[in-house]
Amino acid sequence: MYALLFRDTGLSVWQISSLFALWSVTGVLLEVPSGAWADSVSRRRLLWIGPLLTAVGFALWTLLPSYGAFALGFVLWGAGGALASGACEALAYDELERLGAADRYARVMGRARAAGLVAVMAATGLAGPVFAWGGHTAVGAASVLVCLLAAATAARLPEHRTPVAGQDSWTATLKAGLAEARADRSVRGALLLVPAVTAVWGALDEYTPLLVRDTGVSDALVPYLLLLIWAGATAGGLLAGAGERLGPKGLAALLAGAALALAVGAGAGTLAGIALVALAFGGFQAASVLADARLQQRIDDSGRATLTSVAGLGTDLATVAVYVGYGALGTATGHGTAFVWFAVPYLVTALLLAARGRAARG
């Protein structure tokens with residue numbers, strides 16, 4: 001709903017895009033240092049600090065709705081996200097490995113993301129009546145409360161890892177992680193695949209309320225159609241475990257199918273088209289989980305959060321590019337056409353993966 005808050009406050013599409021870009025730039029600046037820090041200190045600690053920063057940002061949006069407050073809120077949200085990025089995946093993989101269940105990482109993370117999306121859908125379903133009752137103020141207050149609950153939950157996560165002796169600074173950890181990426185071609189490929197799969201649809205998500213509004217429905221119905229989109233993404237997370245055996249060609253087919261569904265659905269500008277967008281988001285979610293799982297399987301424990309954050313940095317940089325491009329396309333052509341154009345990068349990635357599969361067989 002915050003895209004609607006920005007619009008209702010009087011911000012233009014370019015101003016909204018600049019806020020999203022600032023959000024990603026914050027992540028770009030903090031992503032890798034925070035990941036290296038997570039390999040040097042308690043990952044659980046970073047996971048509960050992050051939501052507290054986000055809560056402060058949402059409070060600013062609610063109490064002082066203006067471009068400046070929105071910008072500061074996104075900086076805090078970006079910082080909180082950077083603290084969790086890499087630390088969450090690394091903590092999950094290490095705990096599964098300790099239990100002898102590392103091969104279940106994709107299934108577990110897919111379910112975790114699905115659970116998160118169920119929470120998003122529940123919040124989206126409640127956003128309509130909450131907004132009708134108390135406007136943006138009520139929605140903002142609920143967002144702050146949820147962040148506080150997330151921090152309390154993160155503080156209770158299990159952690160049995162001890163930082164490696166001799167890596168008492170995040171800079172030393174960062175150097176070790178980057179050295180691993182330089183030395184192993186498979187690690188480099190896995191690092192590049194994560195942003196290629198994750199960045200575009202993650203950025204487009206921020207514009208889905210505007211895409212839905214352009215179908216002609218009332219603002220009160222927007223949350224329910226967003227609910228449909230995230231139901232698709234949830235299904236994709238739940239099915240990710242079943243895709244663990246997919247090779248490059250299988251993943252290419254998944255991405256190509258999702259890209260076509262996105263282009264046709266967004267270009268239609270109808271309620272039926274939104275259902276295709278939901279299907280596309282399901283495919284992209286499954287592919288994102290699988291790309292992350294491939295990365296975790298290829299990196300060493302001591303630099304796991306660092307290299308996961310390097311992949312996150314690539315995602316953030318690509319996301320900034322999408323926001324800038326969307327600002328131009330959305331202004332010139334409308335939201336539906338902009339979504340269609342941003343399906344193209346997935347077709348390119350699918351072609352590259354298919355070619356890689358053929359080369360591996362040869």
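Here the Cβ of each residue, glycine as well, is placed from N, Cα and C on the backbone.
Here TrEMBL flags 12-34 (among others) as transmembrane segment. Listed as Cβ neighbours of the transmembrane segment (12-34) (distance under 8 Å, sequence separation of 6 or more from its ends, same chain) are residues 3, 6, 46, 67, 70-71, 74-75, 77-79, 81-83, 85-87, 170, 174, 203, 206, 306, 309-310, 312-313, 316-317, 319-320, 323-324, 326-327, 330-331.
TrEMBL lists 46-64 (among others) with the feature transmembrane segment.
The feature transmembrane segment is assigned by TrEMBL to 70-93 (among others). Proximity of distant same-chain residues to the transmembrane segment (70-93), defined by a Cβ-Cβ separation under 8 Å and at least 6 residues beyond the stretch ends, is recorded for 6, 9, 11, 19-20, 22-27, 30-31, 34-35, 38-39, 43-44, 46-47, 49-54, 56-58, 60-61, 102, 105, 108-109, 112, 157, 159, 161, 292, 296, 304-309, 312.
Feature annotation from TrEMBL assigns transmembrane segment to 114-132 (among others).
Here TrEMBL flags 138-157 (among others) as transmembrane segment. Note on the transmembrane segment (138-157): residues 1, 5, 44, 47-52, 54-55, 58-59, 61-62, 91, 123, 126-127, 130-131 of its chain, located 6 or more positions outside it, place their CB under 8 angstroms from a CB of the stretch.
Same-chain residues lying 6+ beyond the ends of the transmembrane segment (224-243) with a Cβ under 8 Å from its Cβ atoms: 104, 106-107, 109-114, 117-118, 120-121, 124-125, 128, 208-209, 212, 215, 217, 250-251, 254, 271, 274-275, 277-287, 289-290, 293. Among the features that TrEMBL reports, transmembrane segment is placed at 224-243 (among others).
If one looks beyond the transmembrane segment (305-326) by at least 6 residues along the same chain, the residues whose Cβ comes under 8 Å of a Cβ in the stretch are 17-18, 20-21, 24-25, 27-28, 31-32, 34-36, 38-39, 43, 82, 85-87, 89-90, 173-174, 176-178, 180-181, 187, 190-192, 194-196, 198-200, 202-204, 206-207, 292, 295-296, 299, 338, 341-342. The feature transmembrane segment is assigned by TrEMBL to 305-326 (among others).
TrEMBL lists 338-355 (among others) with the feature transmembrane segment.
Among residues of the same chain six or more beyond the transmembrane segment (46-64), those with a C-beta under 8 A of the stretch's C-beta atoms are 2, 5, 34, 37-38, 70, 72-77, 79-84, 87-88, 91, 136-137, 140-141, 143-144, 147-148, 150-152, 154-155, 157.
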